[in-house]
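Q: Taken from TrEMBL, the feature disulfide bond covers CYS188-CYS221, CYS189-CYS208. Taken from TrEMBL, the feature transmembrane segment covers 50-73, 93-117, 124-148, 235-258.
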Amino acid sequence: MVRPSDLAAFSVGLGLGTEKETSEARPSTMGIGYGPADEQLEKQIGCVKYTLFCFNIIAWMISTALFALTVWLRAEPGFNDWLRILEAQSFYIGVYVLIAISIIMMAISFLGCLSALMENTLALFVFIGTQIFGFIATVAGAAILLQYSTINSSLQPLLNVSLRRFVSTSEYTYSNYVLTMIQENIGCCGASGPWDYLDLRQPLPSSCRDTVSGNAFFSGCVDELTWFFEGKTSWIVGLAMVMAMLSVICGVMSFVLVQAVKKEEEQASNYRR
């Protein structure tokens, strides 16, 4: 009959040791394995990941809206005709820039959704780089658009030259047609006011007067047209600024997610050891 002491001696001879000895010889994994801290980290990663995903969806929607507005502004027939007649098509420089940026940002938002769900650090770093580019490009595009659509901008000298040329040749049919169209629709007179006609010893045209009171419009068409263009671009610039702000938020959240994923990988590596 085999006694327990004989089994213990046989185990020692094989180098296995007794159960007590084996448990004492095994290194403790307490604090390295999966515990409350790991569960908390996993929850934080999930929270950041899905929040980043939602922000990218919002960014995609805003970039789509920006693309639609800029394309609509570029394709609007009456507006395009006015800029062509006034030789002020440099206004479209900022529009073209924002059209290109909105397309790029739509693609970047899609990349951000994928990189967040995959929790891939390389993809997240690429996404952070694209967000930095998107922020700079969006702000630059909005600044260019404002440079050609606001008071005291580069647009006003162009309008001033064109309108003064039309006023000085207002006896011609085409010039008279252009001035009538602008002055009646905008409610203005001359380039800087009715004095443009008076200085040239020309009578004020009927399009320079209010149809109800008969009084002359004292506002010049340069300022009135600039305010008109500014109203057209205000929504576009506002959306561009929101998109730039979202680029900053998404970039920061992506960096936080990268750090959390790296920490999780380190803990998993320690656990495997």
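Count begins at 1; order follows the chain as displayed.
Cβ from N, Cα, C; glycine included.
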Q: Within a 10 Å radius of its Cβ, which of these disulfide-bonded residues (CYS188, CYS189, CYS208, CYS221) has the fewest neighbouring Cβ atoms?
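A: Relative to the other disulfide-bonded residues in CYS188, CYS189, CYS208, CYS221, CYS208 has the fewest Cβ atoms within 10 Å.
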Q: Give the distance between the Cα atoms of CYS189 (disulfide bond) and CYS221 (disulfide bond), rounded to the nearest whole Å.
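A: Cα-Cα distance, CYS189 (disulfide bond) to CYS221 (disulfide bond): 6 Å.
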Q: Based on DSSP, name the secondary structure state of CYS221 (disulfide bond): helix, strand or coil.
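A: In three-state terms, CYS221 (disulfide bond) counts as helix.
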Q: May I ask for the distance between CYS188 (disulfide bond) and CYS208 (disulfide bond), taken between their Cα atoms and rounded to an integer number of Å?
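A: It is 6 Å, counting Cα to Cα.
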Q: Can you tell me the CA-to-CA distance separating CYS221 (disulfide bond) and CYS208 (disulfide bond), as a whole number of Å?
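A: Given the Cα positions, CYS221 (disulfide bond) is 10 Å from CYS208 (disulfide bond).
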Q: Can you check what DSSP calls CYS189 (disulfide bond), collapsed to helix, strand or coil?
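A: Reduced to three states, the DSSP call for CYS189 (disulfide bond) is coil.
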